[in-house]
Amino acid sequence: MSVLVDEDTRVVVQGITGGEGKFHTEQMLEYGTNVVAGAVPGRGGQEVAGVPVFDTVQGAAREADANAAVVFVPPAFAGDACFEALDAKGIDLVVAITEGIPTQDMARVYRKLQETDTHLVGPNCPGVITPGVAKLGILPGNIFSEGNVGLVSRSGTLTYQVVDNLTNRGIGQSTAIGIGGDPIIGTDFIGALEQFEADPDTHAVVMCGEIGGEDEEEAARYIGEHMDTPVAGFIAGRTAPPGKRMGHAGAIVSGSGTGTAQSKITALEDNGVPVGDTPEEVADHVEDLL
Amino acid sequence: MRLHEYQAKQVFADAGIPTPASQLAETVDEAVDAAEEIGYPVAIKAQVHVGGRGKAGGIKLVESKEEAREAAEDIIGMDLKGYHVSKVLVEEAVDFVNELYVGVTMDRGEGRPVAMVSTKGGVNIEEVAEEDPDAIAREHIDPAFGMHPFQARKVVYEAGVDREVANDVASVLTTLYQLWDDRDGADTEINPLMITSDDEVIAADAVMNIDGDALFRQPEIAEMGEEAAEGDELEQKADEYGFDYVRLDGNVGIIGNGAGLVMTTLDLVDYYGGEPANFLDVGGGAKADRIANALDMVFSDDNVDSVVFNIFGGITRGDEVANGINQALEQFDEIPKPVTVRLAGTNAEEGMEILNEDLVTVEHTLEDAVQRAVEYAKEVEA
């Protein structure tokens, strides 16, 4: 078992004819992902990496039975691409990899999302992987291993670091979800934690947060009130100065002191979540929890 | 990206929001001439992105030509919390009876914009929000509809704005929302929005932060942004190279890929007793040239005594990184600062074979690499 992505996931790649789209389609196929279609307006009837391309996502869903979309479309058009995927009948998961989508475009996508039952992961995220089964996105498959630890993170490479620490100890993962570092995202920590809580094969969860916003604090309260599955945490950005954006658009401590690492760490610890000072310590905590 | 006050005021004025008479000046003489033309009293205001400009001596109210000259001499060229003042706005001083706050921002928790009005304007609104949250009326806007006229009225009345000026304030708020929406605003605000004894409404300050990711469709704003660019030489260099870079006070230079991992590397430097000198994210898929540029950036920071590279390759390849590091270092007769490298992920093994170990120290875990870099920094300090 796993969450969001399993053997039945049939992927359409939006932007499959672009450099990134093509490269990562090949990587996804090599990992064993069932990529059944691409979608690029005006390119219907072509093939990329042996995958048939359709003009629309709806066409890909109808003709190739795609049920999940991965967005590799450039930022200026990615908001519209997300809309198209959310609108398509039969698509119930959208993973948006694109970095740099204007925030107001995402606010409109987010508004549309509230009207659907579709899951959106991202944007500006590495994607979702169920080790040994499929990956949707750009995560390097070789560092993951099959197992029972769920992972949710705002940062791509930090996810890889923590997974590496886990895999090196023989601790495998059920599913890893990169939710993305933007101010407005689809699935947030709580959305991912709900999925893991409902999955009998996820025995523990690692949650990697970072400075900015209040999502980690809210997730901490959710864990305290609603979760039986144990969670270990990590928060990046303890040394970040207020008012400076640390790479991710969302990673900024405001002048009035909200969004600090300390407030997040305290919230997690108050709700029974052990927080590691280093990625290695996170792996220690996970070992204790299992 | 944040506009200067004078630029934001121009945008507001062009949209029909009343602003005080003002002129931009870059020299003392220009400032004095402007003051004479506008008529006293005038305010002379430093044009830098610093909170609490007034308290720090960056805003002065003057009543005469002599005072104007004295104030302009003090402010132009001054160092305001680390920022060099090269421009001042000379502005008619408005005689007000009330100061309001009016703003539109993105509420990231809700994923939609929120309009805010408060009768406690003229002071730091973040402090008001913390000490007396009820003093700020808020109205969330559905981005599919935009702001309905009733919403502008509602938030103004809820805030307790006087009935005599409520319509005018609502009209300012409506325009402000339109600007936020049309110009890809992150935050737009007026603090204070002054109310005069004649019930006139005037924007005495103007804040306009634009979403940097939307500049491709906001060419006018992008051009203003080039004028508004500030920061030290290194930060400007980082902009040229296209790096996410933040300069800090320590002496351990940090280069990595991915915001979360770079932040974690900073935190570990601190955890192991060192002090980070910077945040530098080379981004995904960096090639050798980009890696060499990153090293050049960090080397040119005089505060840096030791450098740590932490690359976890997903789309970034270890062999590319190693080639970049070799390229950058081979041009030196003597390596200016010790470099510690940790590579993991895609092609990390190949990368570690490529790295010239006469030039760099190679470590295999994040923790070891950071500790080594901190030790080197301490040796140089001692």
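Note: Cβ is positioned from N, Cα and C throughout, glycine not excepted.
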May I ask you to find which of B:Asn251, B:Asn257, B:Asn356 TrEMBL records for the substrate site already listed with B:Gly314, B:Ile315, B:Thr316?
B:Asn257
Looking at the binding-site residues listed here (B:Asn257, B:Gly314, B:Ile315, B:Thr316), whose Cα lies nearest to that of B:Arg53 (ATP binding site)?
B:Asn257
Between B:Thr316 (substrate binding site) and B:Val94 (ATP binding site), what is the CA-CA distance rounded to a whole number of Å?
56
B:Lys45 (ATP binding site) to B:Ile315 (substrate binding site): how many Å between their Cα atoms?
47
Closest of the binding-site residues to B:Asp205 (Mg(2+) binding site), Cα to Cα, picking from B:Gly54, B:Gly314, B:Ile315?
B:Gly54
Mind sorting out which of the binding-site residues B:Gly52, B:Glu91, B:Asn191, B:Asn257, B:Gly314, B:Ile315 are close to chain A, meaning Cβ under 8 Å from one of its Cβ atoms?
B:Asn257, B:Gly314, B:Ile315
Identify, in sequence order, the residues in the chain of B:Asn257 (substrate binding site) that are 6 or more apart from it along the sequence and have a CB within less than 8 Å of its CB; answer 'none' if there are none.
B:Asp281, B:Val282, B:Gly283, B:Gly284, B:Ala286, B:Ile311, B:Phe312, B:Gly313, B:Thr316
With the ATP site defined by the record as B:Lys45, B:Gly52, B:Arg53, B:Gly54, B:Glu91, B:Val94, B:Glu99, how many Å span the farthest pair of C-alpha atoms?
19
Which number gives the other C-beta atoms within 10 angstroms of the C-beta of B:Arg53 (ATP binding site), all protein chains shown included?
21
Rounding to the nearest whole angstrom, report the longest C-alpha distance spanning B:Asn257, B:Gly314, B:Ile315, B:Thr316, listed for substrate.
10
